[in-house]
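> As listed in TrEMBL for this protein:
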- ILE21, GLY22, ALA23, GLY24, ARG25, MET26, ALA82, VAL83, LYS84, PRO85: NADP(+) binding site (BINDING)
- ASN69: NADPH binding site (BINDING)
- 174-278: domain 'Pyrroline-5-carboxylate reductase dimerisation' (DOMAIN)
- 271-286: compositional bias 'Basic and acidic residues' (COMPBIAS)
- 271-293: region 'Disordered' (REGION)
Amino acid sequence: MASDEREEVPKKLEEMSVGFIGAGRMAQALCRGFINTGLIKSSSVIASDLDSNMLNYIGELGVKTTKNNKEVVQNCDLIVIAVKPHIVTPILKEVSHLVSRRNLFVSIAAGVTLDTIENYLPPKTRVIRVMPNTPALIQTGASVFAPGKHALDNDSDVVATLLSSIGICAETSEQMMDAVTGLSGSGPAYGYMAIESMADGGVKMGLPRDLAVKLAAQTLMGAAKMVLDTGKHPGQLKDEVCSPGGTTIAAVHSLEKSGFRASLIAAVEAATERSKELGRKEEEGSSRQQKRI
């Protein structure tokens, strides 16, 4: 971009106004995280959605709400596209004539490529694709982003700062984004299922339900922190728990016989393929009814 175009980008994050097109669970998680960490003021945020209930929920954060997507584009610097994949194209068509050089679009729509978004917006529009996850709500998210061809270094810095405030953040090439979706984007559900299953096992063995859930959740949280803090391979940490002839190695054997690891690998693969499929089908969506994530 020319130097005059660069001047359209706010120099400081706190100077930016942020808009959400779509006010569902993921938008709420991101919005709450950005505000709670103090990077963005609630008075600088506008959220749009056709669902009044979703607007009421996100409005509790003190942000302005509207049912008009155009209002978001006209009044915000950074615009988060937080709608279902097949709704992205209709929305871009709706607002494209209002896009200016000040706008930076950040898409969290699963499977929707940078090319798809850029093709429906004016030339040289700055776009960044992001895959966050719901633990962002409590500042423990795992987010990955891929900049579009016209995104500036400053844009990547802004997005990285925002995402780092709500957990860990990494930049990657777009070709990795579907796999990221399959692993960390959908991953919280795998963790919840593991916690539920472990708790069920505890209940079967006589533990009270509330204690079983707490123990299972704390155990997985502690194991995850061990991996991140020690830098050791998960397999090594597993081996350190398994005493010869002990209870844990017996449990590991049972999990191996049940195809535990293969099931998780297959889950990541299935979610990745579904993300790719959503990207292919995105332009086929004919409904203009905005749906929340």
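Indices start at 1 and increase along the chain as displayed.
From the backbone N, Cα and C atoms, a Cβ is placed for every residue, glycine too.
Mind running through what each feature is packed against?
Under DSSP, LYS84 (NADP(+) binding site) is assigned to coil, being neither helix nor strand in the three-state scheme. The number of other CB atoms found within 10 A of the CB of LYS84 (NADP(+) binding site), across every protein chain shown, is 20.
In three-state terms derived from DSSP, ASN69 (NADPH binding site) belongs to a helical segment.
Restricting the average to the domain 'Pyrroline-5-carboxylate reductase dimerisation' (174-278) gives a pLDDT of 97.
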> Which three-state DSSP class does ARG25 (NADP(+) binding site) fall into?
helix
> ILE21 (NADP(+) binding site) has how many other Cβ neighbours within 10 Å of its own Cβ?
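28, counting other Cβ atoms within 10 Å of ILE21 (NADP(+) binding site).
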> Give me the count of other Cβ atoms within 10 A of the Cβ belonging to ASN69 (NADPH binding site).
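Around ASN69 (NADPH binding site), other Cβ atoms within 10 Å: 24.
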> What whole-number Å value do you get for the CA-CA distance of ALA82 (NADP(+) binding site) and ASN69 (NADPH binding site)?
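Cα-Cα distance, ALA82 (NADP(+) binding site) to ASN69 (NADPH binding site): 12 Å.
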> Using the alpha carbons only, what distance in Å do you get between ASN69 (NADPH binding site) and ILE21 (NADP(+) binding site) once rounded?
6
